[in-house]
Amino acid sequence: MELVQILPQTRNLRFYFCVLVLLLPFADLTQYPDCKHGGKHDFSNGRFSCHCSQNRMNTGPLCELVRVNYENIGSPLTVKTNFNLTLPLHISLEFVSNDFRGTGPLFTLGDPTKGIVIELALDYGRPVLALNSERKVSNLGSLHNNQWHRLDLFFNRTPNGVDAVVVVDRCIHKRRCSQRVAFTGLTSAITVLGPLKLGSTSFTVHRLKELCLENIVVNSELVDLWEGTESSPLARGCPKCEEACFIGEGTDGAGRCGAEGVCRNPIVAATDQYACTCRPGFQQPIEEAFFADYTITPSAPCTQPATEWQVNGPVSVGAFDFDGITLQLSIRTRQTEAHVLRSDDGLIRLDIEQGHLIFHADAVSLTLPAVFVSDGLWHAIQLTITPLIQGSQSRMIELSVDGLWNTFYNATLVTAQVNNISNAKHFLLLEADSSCLSDIRMELRDGRNNIYHDYLINELNQNRHSTLVKGCQSENYCESKNPCGLNEVCMPEWRGYKCVCKTGFSYRAIPPFGDQQCVLSSCEPNPCQHDAQCSVLSNGTVSWGNETIGVLCECTGGWSGLFCENPMLVRSGFLNWWLLPLFFVLILIIFWVVFCVCWWRRRKLKKGGPAFKKGSRFVEPLETISTDGVAKAGEEDYRGSLNLSVLKVAEEPLRPHHLTVRNASVEETRTSDSMTEAERFLAMDQPLQYAFEGYDSSPPPTYFAPNIYDFSRHT
């Protein structure tokens with residue numbers, strides 16, 4: 001699935017709109033089928049086509065093999081085996097026959113053991129239809145006249161059986177061109193199961209030989225004959241009817257009609273009997289004529305590109321009647337609602353509604369819901385209305401786009417009110433305003449029943465259409481601005497642009513809303529770093545931060561990240577960054593607690609508070625001195641007061657050679673001034689000890705008795 005934004009430019013440039021192509025695959029984007037047998041898609045000049053190998057056989061729009069010759073079919077040739085069909089059923093084919101007897105079957109469809117069998121044969125050139133064993137010979141005349149013919153067969157269920165309608169050559173310029181035949185007795189469920197066979201033996205034991213058949217279509221499906229003819233390669237193509245087309249061909253092998261022309265020629269005919277039909281986008285040279293505006297030679301090669309026209313108003317393109325009409329035109333538009341053409345009475349209209357074609361024939365409509373024509377590409381449209389079919393009062397209506405089949409093609413028989421369309425002359429009005437038109441041509445037949453075209457608008461009659469402007473220009477939006485994303489490349493388109501992913505990128509749904517973005521989706525070259533292995537995710541994506549990719553890198557060695565560009569340390573630190581400030585705060589708290597404890601202890605010590613010693617159960621009581629000079633002991637040892645006055649030395653003056661001890665005068669052998677410092681300390685030791693032991697009064701008389709200091713001994 002690609003991102004396309006469309007900016008349509010109208011004639012007055014008053015509005016723009018944008019279409020997202022990513023969503024169109026689910027709704028509006030035309031899905032072109034794949035080319036076959038080596039063919040490749042080609043969108044050159046804004047048109048879809050398949051570029052096929054140059055040969056004379058693979059001439060289908062998707063390079064299919066569509067032409068076989070019956071001369072080299074020795075036995076019935078099974079070209080497809082698995083048909084499973086019900087009614088209604090539509091089968092079409094084209095053939096040329098120069099068989100002198102003109103008798104034998106063209107094809108049989110179905111297995112008689114599983115359902116009904118449908119057979120189409122020729123009886124002296126007249127079409128013969130058969131359902132099982134019941135046969136109906138038409139009265140449409142002989143068709144083995146060495147001219148190319150087209151047959152359309154319609155089968156519909158009725159209460160009495162099956163009705164079949166045969167239409168020859170789309171009834172162009174012929175009154176007796178169609179017929180209705182009825183088959184009765186088929187009342188059970190009607191199914192067609194089984195193979196499609198070509199060239200089987202008929203009921204008359206005759207077999208067609210000089211006959212070439214092409215473009216077999218069953219219910220809008222073009223049958224590719226390549227695989228069915230592998231066992232009979234000589235049956236491929238139609239050498240006898242191609243001889244005149246390739247006589248004197250150039251080195252490019254394009255033939256007499258050129259690379260863009262399809263040559264039609266009878267079997268083994270003179271070189272002047274072929275006709276060239278140009279592919280969309282090309283035309284034959286248009287020459288001036290003396291009695292007419294222009295003339296076209298049907299056998300001229302298709303070498304001239306078709307002129308493109310900008311439509312700025314209704315354009316009248318001439319008169320026609322309804323005795324069979326097939327009209328072709330190419331349109332290029334961004335308009336999703338527009339009128340393309342209509343008849344002057346309004347009974348025939350071709351409109352674009354929501355980007356899809358709808359063909360109206362009076363009250364009947366025919367549409368192609370799978371084809372979106374408002375995408376800015378050229379689309380070749382072909383529509384057909386036949387005259388009234390003999391015996392049925394109905395018409396065949398056909399609509400196709402780009403020459404393709406399946407969903408690009410629809411054909412049916414209609415009866416409701418279509419008869420109101422008269423055979424009077426009518427004018428066609430082209431109304432594709434703000435769009436471009438090209439290849440506006442009407443299908444005609446010459447005397448040999450060869451198809452050729454009349455180009456209704458060309459350079460020689462341009463002056464009659466004032467609302468036409470030659471050329472179909474477009475602004476390059478990629479140059480004026482860059483509307484695409486970072487990983488996208490802008491590609492200019494007609495009146496719009498397209499955004500495509502760069503090489504190695506593709507669109508993926510990005511969660512949570514599923515938006516489509518271009519993400520890396522290739523491992524060539526390997527985007528992973530440090531020897532990591534790369535693998536492509538089929539539908540998923542991997543996101544890291546603001547970046548999303550569609551590949552997976554398997555990291556080793558501790559590396560991490562989308563591309564394994566980050567080491568493990570970087571990732572771990574990134575995940576635990578919050579631990580750093582936490583550690584710092586804890587350190588500050590611990591430091592503050594230690595500081596407060598130390599400050600408190602220091603303050604207490606200065607105030608004389610209790611000191612606690614680790615490792616000891618003893619608590620020293622701290623004595624306090626009251627104002628009256630009485631020391632109070634700690635509560636742990638003694639509760640009371642201590643009189644320290646008894647420890648004071650008498651204030652009486654010491655006389656020479658006299659010392660007072662216990663209120664008695666003692667002869668002093670030496671003066672007190674001669675006492676050493678140690679003696680003074682010893683003299684105070686016992687009173688201090690007494691005081692510290694917690695006594696609250698003076699020591700008893702016997703406290704100092706055994707410790708009377710004999711000063712005489714120290715004289």
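Just so it is clear, glycine is given a Cβ too, placed from its N, Cα and C backbone atoms.
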TrEMBL pairs Cys555 with one of Cys534, Cys564 in a disulfide bond, so which one is it?
Cys564
Please work out the mean pLDDT for the residues of the domain 'EGF-like' (519-565).
90
Which residues, given as numbers and ranges, are at least 6 beyond the ends of the transmembrane segment (577-600) yet have a Cβ under 8 Å from it?
none
Cβ neighbours of Cys564 (disulfide bond) where a neighbour is any other Cβ within 10 Å:
22
Cys555 (disulfide bond): tally of other CB atoms within 10 A of its CB:
21
